[in-house]
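K.L.:
Sharing a structure here in structure tokens format.
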Amino acid sequence: MKSAVVQLPGLNRDRDMIAALTKISGQPPVTIWQTETEIPDVDLIVIPGGFSYGDYLRCGAIAARMPVMQAIIDKASKGVKVLGVCNGFQILVEAGLLPGALMRNSSLKFVCREIKLEVVNAETDFTRAYAQGQVIRCPVAHHDGNYFADDATLAAIEGNGQVVFRYAEGTNPNGSINDIAAVMNEKGNVLGMMPHPENLIEAAHGGSDGRGLFASALDVIAA
């Protein structure tokens with residue numbers, strides 16, 4: 001699997017993501033800087049977490065307007081898989097690649113802890129390694145992860161199977177509507193999620209529940 005990791009000022013989870021992709025796919029990803037307007041031929045583009053541009057204006061608002069984003073939008077339109085984690089999710093929403101909005105946590109506090117996720121849709125290219133309804137562990141670390149969508153949008157994404165993960169067993173850390181933790185686009189090649197699967201992929205992390213997300217994409221691409 002050929003992958004690419006986007007690097008922007010303020011993102012600080014790029015090294016974690018690079019390490020995860022390298023360990024699982026066996027190939028180190030290429031890195032893409034904010035000013036680049038062309039992206040190499042890759043199977044997966046990842047926008048990692050952090051605080052791009054200091055979260056000024058809104059989380060992800062400035063990053064979504066950088067030159068590299070148009071290149072990502074173009075690749076997504078051609079079916080290339082795109083994953084946004086934490087701030088990456090916020091950027092994808094701001095760029096219009098995913099529906100809804102991400103607001104300040106209902107507690108008005110930064111939350112950093114382990115939560116539980118239910119696999120709501122196990123038929124996506126990112127979740128095939130999991131079972132439908134499976135509950136997995138995953139860490140979160142964010143201040144603005146409260147997912148919201150208006151009634152029409154919510155009905156559409158629920159009806160279309162675009163909700164991929166929900167916070168489970170009462171562990172919703174941010175007040176997200178319907179406990180939504182991850183959504184994808186209608187086409188199914190763009191996924192955004194607040195939890196950090198890259199930080200739970202091996203025994204040294206205390207578990208490997210996040211590994212299935214990357215393994216799923218790898219298996220689909222290799223098929």
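Backbone N, Cα and C define each Cβ position, glycine as well.
Sharing the feature lines straight out of Swiss-Prot:
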DOMAIN    3-223  domain 'Glutamine amidotransferase type-1'
ACT_SITE  Cys86  active site, nucleophile
ACT_SITE  His196  active site
ACT_SITE  Glu198  active site
K.L.:
So for His196 (active site), how many other CB atoms are inside 10 Å of its CB?
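P.N.:
I count 21 other Cβ atoms within 10 Å of it.
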K.L.:
Take the C-alpha atoms of His196 (active site) and Cys86 (active site, nucleophile) and report the distance between them in angstrom, rounded.
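P.N.:
Cys86 (active site, nucleophile) has its Cα 7 Å from the Cα of His196 (active site).
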K.L.:
What is the separation, in Å, between the Cα atoms of the residue listed as 'active site, nucleophile' and Glu198 (active site)?
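P.N.:
Rounded to a whole number, the Cα-Cα distance is 11 Å.
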K.L.:
Across the domain 'Glutamine amidotransferase type-1' (3-223), what does the mean pLDDT come to, as a whole number?
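P.N.:
PLDDT averaged over the stretch: 96.
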K.L.:
Can you name the residues of this chain that are 6 or more positions from Glu198 (active site) yet have a C-beta less than 8 Å from its C-beta?
P.N.:
Arg13, Asp16, Met17, Ala19, Ala20, Leu21, Pro48, Val85, Gly210, Phe214
K.L.:
Would you count the other C-beta atoms found within 10 angstroms of the C-beta of Cys86 (active site, nucleophile) for me?
P.N.:
28
